[in-house]
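> The structure that follows is given in the form of structure tokens.
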């Protein structure tokens, strides 16, 4: 019962984490789009300022801090990380056949028919082992129970005979 509850809790947490990862990815994607549009607007404004300065005969040297302008772009690495995050989210799931997965991992790329065959053989082996372990105990229990029933039955018959003999009235001759 505790294992089933723990499994349900793990499934619930996995579902919750997938939903949170999807929401986070969506939110960060929207923020990246906003940053990209803001970056584009800043670059357009900088180009307009440079154009106006040049139109009035001034260069960037005339105003302190206007010559150096660094606006880094990390959108490509962020997109790669989004893709990686989505791949990890897609890997989250419930394994409905843990024994089959274990066998596939153990024996490599075996076919489904081989997995079913190995699962059947494994089940048969477990049943045989259980019989080998439990059968002697079960036979001893049944044997002792039958012996007790027979002893009780024989003891009851002997007691009955003794009782009848003890209370047997002599026959009257008429």
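Heads up, the Cβ atoms here are built off N, Cα and C, so glycines get one too.
So Swiss-Prot lists the following for this protein:
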type	residues	note
COILED	4-54	coiled coil
COILED	72-102	coiled coil
LIPID	134	S-palmitoyl cysteine
LIPID	137	S-palmitoyl cysteine
TOPO_DOM	1-121	topological domain 'Extracellular'
TOPO_DOM	143-174	topological domain 'Cytoplasmic'
> Which residue counts does DSSP give the topological domain 'Cytoplasmic' (143-174) for helix, strand and coil?
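Helix/strand/coil tally for the topological domain 'Cytoplasmic' (143-174): 24 helix, 0 strand, 8 coil.
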> Are there residues at least 6 beyond the ends of the topological domain 'Cytoplasmic' (143-174) whose Cβ is under 8 Å from a Cβ of it, and what are they?
none
> For residue 137 (S-palmitoyl cysteine), which residues in the same chain are close in space, meaning a Cβ under 8 Å from its Cβ, but six or more apart along the sequence?
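Sequence-distant Cβ neighbours: none.
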> Averaged over the coiled coil (72-102), what pLDDT does the prediction give?
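Per the prediction, mean pLDDT sits at 82 for the coiled coil (72-102).
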> With helix taken as DSSP H, G or I, strand as E or B and everything else coil, how many residues of the topological domain 'Extracellular' (1-121) land in each class?
94 helix, 0 strand, 27 coil
> Work out the three-state DSSP category of residue 134 (S-palmitoyl cysteine).
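The residue in question, residue 134 (S-palmitoyl cysteine), is helix (DSSP, three-state).
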